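Here is what TrEMBL says about this protein:
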{"type": "ACT_SITE", "residues": "Lys35", "note": "active site, proton acceptor"}
{"type": "ACT_SITE", "residues": "Tyr262", "note": "active site, proton acceptor"}
{"type": "BINDING", "residues": "Arg130, Met310", "note": "substrate binding site"}
{"type": "DOMAIN", "residues": "241-368", "note": "domain 'Alanine racemase C-terminal'"}
{"type": "MOD_RES", "residues": "Lys35", "note": "N6-(pyridoxal phosphate)lysine"}
Amino acid sequence: MTVQAEAVVDLDAYRSNVADLAAAAPGAAFMAVVKADAYGHGLAPVARAARDAGADWLGVATPDEALALRAAGDVGPVLCWLSAPGRDWAPLVEAGVEVTASSAQQLEEIAGSVRGRARVQLKVDTGLARNGAFGAQWPELLAAAARAQAAGRVEVTGVWSHLACADEPAHPANDAQEQRFAQAVEEVRAAGLDPGLRHLANSAALLTRSSVHLDLVRAGIATYGIAPGPGLDHDVDLRAVMTLRGRLAGVKDVPAGTAVSYGHTWTTERDTRLGLVPLGYAEGILRAASGRAQVAVAGRRVPQVGRICMDQLVVDLGDLPARPGDVVTLFGPGDEGEPAAEDWADAAGTIGYEVVTRLGGRIERSYRGD
Ligand SMILES: *Cc1c(COP(=O)(O)O)cnc(C)c1O
C-alpha cells in the first residue's frame, strides 16, 4: 500500500457472494443491486463482476445510474426505479433499460416521451409507504398501463414491491405485504395485463423468506458481504468485499493525563502511544462513531479515541511498536483481526449500508480480482 488511505475492493469475494446468494434462491432470477456507485464499491468494476458471476439483472435507483451502466459497457437487463417528474425517457428506452412506473402520471410521462415501446415494470406500495402506487393510485396506474400498452407505447414486463421489515423476519408486516402483493398481482391480471416478472425480495428476504423469492430477487447489501441487519439467521457464508485502510501519518508517545482531539472528550489514563490516521469525516468516516470504534494495527485491535475530525482520527496504540507508515485497517473481512463494517455501524448507531455508501473524499479505490 503506497497511498495514504484506500478502499480495497475484492471482486473475487463479490463474485463468490453473488454466486452463493443466487444459489440460495434457485427458482428465481438474480438481480445484483449496484445503485449508489455499487454501495460505494465502484459501479463499473462491480457491474462487470456481477455479470461474470451470473447475475441476470442489474438494479439501480435512478435513470442516470442505468445510463452510467450502459456507458460502462454493460448490455444486459437493467431495471431502474426512482425518478422525479420531467425526465426524458427516450435515451433509457433506446438503451434497452427497463423502467419502473409508480403512478399513472409517471407511466404517462414514460409512454409520452418515447418513440418505440417502453418496457415498464409497475411498482405497487404494499406497505412501505415510500415509492410505489398506493391505494387508489394502483388501479389508476393499472388503467394507464393497459391504455398505453393497447396503444403500443409500453409493454408491461413486471410487477414489484419492496418490504419494510425484511430484516426482522418475524415482523407481521412481512406476511401482510406478501399477501397484499399476491392480491396486487391478481389485480394486474384482472386489468388485462400479464404481470411478467413478479419480485419482492431484497437481501434480507432472500436470506430468510423463500416464499417471497418469486420470479426474481434483488440483492444489494449481502452481495457486498455485509449483513442486512443484526442477528439474521441464514446459511449463506458471506465475505466482506471492502477493506478500508490507511497508513499512520504520525506516532507520538504521550504521558497519562493527555487529552485528545477536539473538545478533549477523552484523556489517556496511562503513558501510551497515539497513532494518527489520515481518514476523517470528509472521507465518510462516521463522526458519530467517535470513541466507540476500533481498528486493527499489526493484527491487533486498538481503540479509536477522541473525536473523529474532518481529515484525521487518533488511535490508542498502547505499547504496540507501531511506526509512521504502518498500515491501520478500519474494517474488512477480518483476516488481519480488523472489525467489520457492521462494527463501525454499531459504534455510530447506524447500519452497515451507511458505512460503505458514505465513503469518498480522498480515499483511493483499488481492486483485487478484476
Ligand atoms: C436498495 C434496494 C434493494 C436492495 O436492498 P438490500 O437490502 O441492499 O439487498 C432492493 N430493492 C430496492 C427497491 C432497493 O431500493
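Each Cβ is built from the backbone N, Cα and C atoms, and glycine gets one as well.
Known features from TrEMBL, placed on the structure.
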| residue | record | DSSP class |
| --- | --- | --- |
| Lys35 | active site, proton acceptor | helix |
| Arg130 | substrate binding site | coil |
| Tyr262 | active site, proton acceptor | helix |
| Met310 | substrate binding site | coil |
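The Cβ of Met310 (substrate binding site) lies under 8 Å from the Cβ of Gly280, Tyr281, Ala282, each of which sits 6+ residues away along the same chain.
Residue counts for the domain 'Alanine racemase C-terminal' (241-368) under DSSP, helix first, then strand, then coil, are 23 helix, 47 strand, 58 coil. Around the Cβ of Arg130 (substrate binding site), 12 further Cβ atoms fall within 10 Å across all displayed protein chains. Arg130 (substrate binding site) sits 17 Å from Lys35 (active site, proton acceptor), taking the CA atoms of both as reference points. Distance between Cα atoms for Lys35 (active site, proton acceptor) and Tyr262 (active site, proton acceptor): 35 Å, as a whole number. Confidence for the domain 'Alanine racemase C-terminal' (241-368), expressed as mean pLDDT, is 97.
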